[in-house]
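To keep things clear, I will list the structure first and then write my remarks on it.
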């Protein structure tokens, strides 16, 4: 005989009550939190290597307060733990949504878990290896022999994380648009008609989530958003014929 928990997880979504949905949401949140805690514990075992890897593009860094290095290590362990736990987090997110969709949409969503994870990792890698070095080079090039940079660990990591992590989510844009196209929610013609609004929204979003208020950082994020949007539109038109 199945337990009440198992029955609630696999019940027909049309038969599940609000209490059942809230109970399932609670269970999935607990599993996601436990996965993140385990990921943080694992990252703590390799924290020196992780910090050295992340700070390598900046060269020599300094901490300006006695406890700054400690709190930086804690912050890095938390972020790295979430990245390590991301397969579980993505699974729990999509698994909670799946019962609300039709059988056709289930097949689409089955591709979203590995696809969204891979695109998230690809986006963060692009941000770290391509955007971050270019951003650092641009901003540090304004110094001269009389003005030398003295970068603290905290300011660098805040800058790096706020510049890298958004690319992980931005790179999921094609997957989201393709899924919506398969569900007949959007079409290539509709996406083309919304292009001018997307350009405006891309720069607004970049202005909100980038770590600085300068146009360069915003453009570094807005341009990939627009490119991924256009690539998605072309795939929907010529690949899905919609």
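Using the three backbone atoms N, Cα and C, a Cβ is placed for every residue, glycine included.
Database features (TrEMBL):
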- 32-58: transmembrane segment (TRANSMEM)
- 70-97: transmembrane segment (TRANSMEM)
- 109-132: transmembrane segment (TRANSMEM)
- 159-181: transmembrane segment (TRANSMEM)
- 193-209: transmembrane segment (TRANSMEM)
- 215-236: transmembrane segment (TRANSMEM)
For the transmembrane segment (109-132), name the stretch out of 32-58, 70-97, 159-181 with the most CB-CB pairs under 8 Å.
159-181
Under 8 Å for C-beta pairs, could you tell me which stretch among 32-58, 70-97, 215-236 has the largest tally with the transmembrane segment (193-209)?
215-236
Would you mind listing the long-range same-chain contacts of the transmembrane segment (32-58), meaning Cβ under 8 Å and 6+ residues beyond its ends?
72-73, 76-78, 80-85, 88-89, 92-93, 128, 132-133, 136, 151, 153, 156-157, 160
Beyond the flanks of the transmembrane segment (215-236) by 6 or more, those residues with Cβ under 8 Å of it:
126, 131, 134-135, 138-139, 163, 166-167, 170-171, 173-174, 177-178, 181, 186-188, 191-192, 195, 198-199, 202-203, 205-207, 209, 242
